[in-house]
């Protein structure tokens, strides 16, 4: 009995030492080395791909923002994000999805409302949005709630509204959208998309310049 | 080009990349676990542990090593979370409550990475990098070690010796996972994943004002999270979060990382048992199921049946624009057919049948191709069962790789395949029967049941993904899911090692004209059938109550 207790103790001791040594390697040396390389060679990306407009940081090109006024292009809905419930000394965005299923009454309601809103907001004199024109990404929340992109279809649908409200021609705004439309990587990876923040920065530049 | 064609091309590109990596990585893995040279850094580590890496262990000693290392891992990670409040480098985040700390510690040590916490608000730098990410490495290395021990059981004869656990653990970490993850992490940073140790800082916003953002060693954790089929996200949104998975390319790359070791291990297996064709037969089984599931998933997600998706015009809820439906389908299938559980889109908002496919993927036992190591040993257990069934049909003593599958062997294999379904079904039944657990559901009806079934399936199979509508941060779920993860990880390992021990003791029987040729397509067909039928018979009633009911109603 004593013998087996001693053996177990020895084994647990070896296990603890193994964990400590491997923690030094994989929990300290590895992340620090990667951070060193990242900071040296990819400084901007490693720190969150921040973008500036007029010398001021206005966000990250990777992180979608909410709350653009109607003069600007609108992002996707984000019904799944929340605020932190612990460590309240900070005000953090909790990334996340709605996790509602396809037959969930609340989701059905959200989608209907979003669709009506998209149609109403973007139908301007001389241009009426039809229900069939509204793409799925315009009325659904993304996985992260921080999707920085919208589909080119959703951007195209907003062109008339944005042009009218900013006193620009439709052709000008359409060109802006085209310039900010990214195709699939190598022609087949991912989906075509428009970065809303970058598009709105360019829009603001165009309005201020004209 | 339409999204469907783009999805198919991404799948083909992924298959091509995996095929290119298969032989070199498989050969390398076989060498790592067969050579008798030690690297200098490994010698230092062995000195630190105080273990002699050249001592051979019988299955019981090997198992004791696995269990001791895991017990210490759970305790260490539990303590680290409990003292976070006073730990420097933790952003001033509070300590984690006992039940959640237990759940999380077990979750990461068992390679599950179920998360009942929100990463961005709960875990500081030290717990993430020196606690959670460390287990991402070593739990994967333990998985590979156990698989290698089983392979040695087939390869060796008239000995009970299965190798040295400490040597297998250290080699897997030092020679495979650390270099692989380091390269992958740099690729992810180049795509835009963040890698810094900033505190929570203000970032200016377009419409004025600013928001508080987390920094973090995200890319380094993301790389091993996928490569080690772990799946625990730095952020709550996991690989849907743009800082974890910034571009369409990084997305495809992460799917590649998830799959590359589990597939390549079949080559290492073939080499170690002296016939690469045996490895190809296992590979073909895994590949067939994986491709079949991906195709089904793409079909149902592009068809987008379901009231909300019909109105929206596509199943885009919970999916990111940059990935689209095609790549999200490949990711979801790959993460649930392995023990990963990372998500780039949220399974709860998939179509009813799509959600069912993610569930069924886990219910197969995560063997196509499965987790790092656990996929290979799970599939080899199924091969033993398939050989046994074939033996019954023709009335011969079944053999696999020259080893007799006698009563001792088949008992181990049978216990292995019974454990996880028992855990899943019993705990789900209790959760549904008791009054309070159901309060955690976000959705009601069939989908609500699926949320709970998914949680226990994910925990017992050590997957970690969720129908995340379920609020799992309750005493009940933290505790029972923790137990499921523990039992679902270590009981099967006991039987795998017991099987390995009895196989290694045998004298091989020479192949005769009557021996079932397990390297032939016929056997692959038999094995695919055995995998699908066993899981199907076990889980069909539960699936019918959840995803099938939902899918057929829409």
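Glycine is no exception: its Cβ is also placed from the backbone N, Cα and C atoms.
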In TrEMBL, which of the ranges B:98-119, B:208-229, B:230-251, B:252-273 has the transmembrane segment annotation?
B:252-273
Pick from B:395-414, B:415-434, B:435-454: which range has transmembrane segment per TrEMBL?
B:415-434
The transmembrane segment (B:252-273): which same-chain residues, six or more beyond its ends, come within Cβ distance under 8 Å?
10, 13-14, 17-18, 21-23, 25-27, 29-30, 33-34, 140, 144, 147-148, 151-152, 154-155, 176, 180, 184, 187-188, 191, 222-223, 226-229, 239, 245, 279-280, 282-283, 286-287, 290, 327, 330-331, 334-335, 338, 340, 342, 344, 369-373, 375-376, 380, 401
Which sequence positions outside the transmembrane segment (B:61-80), separated from its termini by at least 6 residues, show Cβ-Cβ distances below 8 Å to it?
87, 101-102, 104-106, 108-110, 126-127, 130-132, 135, 138-139, 142, 145-146, 149, 162-163, 165-166, 169, 489-490, 493-494, 497
So are the transmembrane segment (B:415-434) and the transmembrane segment (B:522-544) touching or not, going by 3+ C-beta pairs under 8 A with a sequence gap of 6 or more?
yes
Give the nonlocal contacts of the transmembrane segment (B:522-544) in its own chain as ranges (CB under 8 Å, at least six residues past its ends).
281-282, 284-285, 288-289, 356, 359-360, 363-365, 367-368, 379, 382-383, 385-386, 389-390, 417, 421, 424-425, 428, 453, 516
Any contact, the transmembrane segment (B:280-299) to the transmembrane segment (B:376-394), with at least 3 Cβ pairs under 8 A:
yes
